[in-house]
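Since the structure comes first, as structure tokens, the remarks are kept for the end.
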């Protein structure tokens, strides 16, 4: 029971508006990544500024529990925002709540750089409060951007378009390192200071920590508001997706008119046929019918994203602690506060540029050739393989920094040319229109639960710990990636098929219980 409006969207040639939609949705992910990961570049600076001990012979550091909260509170907010905005996206429409997420991100990014008081507890409380709500807004972007892009795209390029939106996360991570690196270098040129170990013992904390650095970390966090401000107007100009207007609101005529304005296609409104289509797909999320049709897929997308994010966020949020071991940065006593931030940001930029960034775009270029399933399987396996090598040969690698950096960079490459991209794409394709945003939100929230395991759990093994503890962390991450490899068999290939064919909304699609895992089942007789 194919509808003309859906056939037109699936078969539409790639047009300028598709590119525009990628940029509009992608800038949200650029902002998301910048806001989530820039905290890693300033967290050591916060420790020097607010948690130094005059009697200590090492620079100040955030206490482990404070560090975990500062790093992880945005992830808690992101998880909450994903669930709330994902549900609202299905209930109210994608467009109606799409702009709200950006408004929250702008306000909270700016407020993250403010402080209600000058003491360490006051500064950290303010920072954590606004970063929670920043994460809440970021969370809404995950299901909404993925769903909007999947519903705009044609079936032959849909995966590449969704992956391109997500690839802007890689650009955001690069800019988090780049902005921090450039600004810290500028501050350092104006405000030089001796290294901690070169300062008189009684004044080492004061002399090696430039007071102007208190402005630097605030500026870095507040800059995250700029791309969101630029994007807001264009988001408000986007029409509601044709699939939502037709299938959920039941207005085929409006869907045809909206899509006709932005895409060069002719769409026929079929109101009577649409009523039959809706009647066949009225089952709610919490029903046995949904479980029969899509339960296995939902379990698959949630578990794989959960397991992936344990490793992915552990890598990104703890790399500042591993950089000194790799020889990419000096030990904290050998540099002053701004120099430490500069070196951490530079190392983050280099790893992101050569390891993280290429992986995203390899996915964009190959996802429609290789398929989501193969890319995810290979990615999980290679991440597990390289992390296992790092764990086993850790002592040797600490004396060979180039080999260490190469292996560490390859784990990032295969995370992004692998499950970090595909776990975002698949939930936007596997589920029916009426619950697509919610199911993507549930999958993404499971991912953020995994990220919290990395931020609050795995990070404890890298905060100034010894070789054995970091080895344990690597063995654990290799194991979680291998579990992700196994759970990938719960999802199916979606390449080259329409959303309605994949979800069974057209009346002839396969359910989760009958689909052939990992194969393109468009050839199955219907």
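We number each residue from 1, going along the chain as drawn.
Cβ atoms are placed via backbone N, Cα and C, with glycine included.
TrEMBL entries are annotated by machine, without manual review.
Summarising the annotation, TrEMBL assigns transmembrane segment to 21-46 (among others).
Among the features that TrEMBL reports, domain 'Major facilitator superfamily (MFS) profile' is placed at 21-496.
The feature transmembrane segment is assigned by TrEMBL to 66-85 (among others).
The annotation transmembrane segment is assigned in TrEMBL to 97-116 (among others). Residues of the same chain lying 6 or more positions beyond the ends of the transmembrane segment (97-116) and with a Cβ under 8 Å from any Cβ of it are 28, 31-32, 35, 81, 85, 88-89, 122-123, 125-127, 130-131, 133-134, 136-141, 144, 148, 217-219, 221-225, 228-229, 231-232, 235-236, 238.
For 160-183 (among others), the entry in TrEMBL reads transmembrane segment.
Taken from TrEMBL, the feature transmembrane segment covers 215-234 (among others).
The transmembrane segment annotation in TrEMBL covers 347-367 (among others).
Annotation comment: TrEMBL describes 373-390 (among others) as transmembrane segment.
What TrEMBL records for 402-419 (among others) is transmembrane segment.
Here TrEMBL flags 473-492 (among others) as transmembrane segment.
Here TrEMBL flags 500-526 as region 'Disordered'.
According to TrEMBL, the compositional bias 'Polar residues' annotation covers 512-526.
Between the transmembrane segment (215-234) and the stretches 21-46, 66-85, 160-183, 402-419, 473-492, it is 21-46 that has the most C-beta pairs under 8 angstroms. Between the transmembrane segment (160-183) and the stretches 21-46, 66-85, 373-390, 473-492, the greatest number of Cβ pairs separated by less than 8 Å involves 21-46. In this chain, the transmembrane segment (473-492) lies close to the transmembrane segment (373-390): three or more C-beta pairs between them fall below 8 angstroms, excluding pairs fewer than 6 positions apart. With a cut-off of 8 Å between Cβ atoms, the residues of this chain six or more beyond the transmembrane segment (21-46) that come close are 61-62, 67, 70-71, 74-75, 78, 101-102, 105, 109, 123-124, 131, 134-135, 138, 141-142, 145, 148-149, 152, 161, 164-173, 175-177, 179-181, 213, 216-217, 220-221, 223-224, 227-228, 230-231, 234-235, 238, 316-317, 319-320, 332, 337-338, 340-341, 344-345, 348. The transmembrane segment (402-419) is in contact with the transmembrane segment (347-367), judged by 3+ CB-CB distances under 8 Å for residue pairs 6 or more apart in sequence.
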